[in-house]
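Reviewing the structure listed below.
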Amino acid sequence: MAEECLARKFNLSDNYCPAYFDGLLCWDPTPWNTLAVQKCFKELYGIQYDDTQNASRLCLDGVWHNYTNYTNCTERIANGSPTDVASLIYLAGYSLSLAVLSLAVFVFLYFKDLRCLRNTIHTNLMSTYILSACSWILNLVLQNWSDESQQDQTSCMILVICMNYFYLTNFFWMLVEGLYLYMLVVETFTAENIKLKVYTTIGWGAPAVFITIWVISRCFVNVLPSTGPDGLAMFPEAKMCIWMHEHQVDWIHKAPALVGLALNLFFLIRIMWVLITKLRSANTLETEQYRKATKALLVLIPLLGITNLLVLCGPSDDSWFAYAFDYTRALMLSTQGFTVALFYCFMNTEVRHAIRYHVERWKTGRTIGGGRRRGASYSKDWSPRSRTESIRLTV
């Protein structure tokens, strides 16, 4: 584009500033002592700008002034816009999920009865939801309550890196959940061969590798120019956090997340096939078989992250359907952690029994004043883990 701009040579006298490209817009030859004005750009790095406003550059005695005035080229976000409404939905959903997930993680960590490989995987997945929600809320706060012109690039870089890492760990722990269930239900003879260390390496280690590669690549790309060809500031928003602007190298961490979702979709199909086959072989009514299969499907969808596939692509126009899709996506994605905590902790029979047992033991201790404890059906550290029960409690 710069070459095309500079090639604009008309039959002009010497009393003109030559064609000039400042890195964003092309300025045609302009008479001396004239303020050149043209429309702002519509979009820059995925961000929509108000193109009804103007940018300007001054031509003085045959030489362009060393600064282009882009002050009026502001981001197009109207008050009460669908983007604002969707952000509020995200904020409410993430806040709710954060509170419920924190309580669920506390339950799994506090009660030793619940400690097993399956619940440890659940705890790690819920932890990634918590970290992702915290980073999203922090990012929202910084974007709306901080002065963008004074944003510290180092702090912003750390926040964006952490946010992308937590998001990616979330997808990889979903993959771990899918792999664990697949090995448990489909590959029943090899399920015990995969230890917690392997799952931990997949869930926390693999995302670290992709994020490291992404950070190194991102450091070498020019995302948002802060100076023009003359070396002087040309765009006020160049002081914004450049790490928040999308770039093609972002696919380094986006692609693994999509691959993980695709694998989980495969795991879900195989698991449902095995479950439906077992239900058909059992002596149960057909309606009962459909009910159990539907229940298993609805419970597994949020655990394996299939919700993300349902709202992966949508309309981008200004129709009512596009607005409804944005709101639905915001609601489903922000409350996904809440759904996982609800299904796999608070509605889990094993968890409810463990909580009830400890509450009763606490009441008994207070009643007898620290005397002899009532006999219990199982101790605090005891937890039955047969394969059949594990499948039942998981699905």
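Cβ atoms here come from the backbone N, Cα and C positions, even for glycine.
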C116 / V185 share membrane side in Swiss-Prot: yes
Criterion met for the transmembrane segment (196-217) and the transmembrane segment (120-140) (at least three Cβ pairs under 8 Å): yes
Tertiary contacts of the transmembrane segment (330-349) (same chain, 6+ residues out, Cβ under 8 Å): 86-87, 89-94, 96-98, 100-101, 103-104, 107-108, 122, 125-126, 129-130, 132-133, 299, 302-303, 305, 307-308, 310-311, 393
Candidate nearest N54 (N-linked glycosylation site) in space, where candidates are the glycosylation sites N66, N69, N72 and distance is Cα-Cα: N72
Residues from the same chain, set at least six apart from the ends of the transmembrane segment (156-176), whose C-beta lies under 8 A from its own: 121, 124-125, 128-129, 131-132, 135-136, 138-139, 142, 199, 202-204, 206-208, 210-211, 214-215, 241, 243-244, 253, 256-257, 260-261, 263-264, 303-305, 308
Of N54, N69 (the glycosylation sites), the residue whose Cβ has the fewest other Cβ atoms within 10 Å: N54
Where N66 (N-linked glycosylation site) sits in the secondary structure, as DSSP reduces it to three classes: coil
C-beta crowding around N72 (N-linked glycosylation site), within 10 angstroms: 13
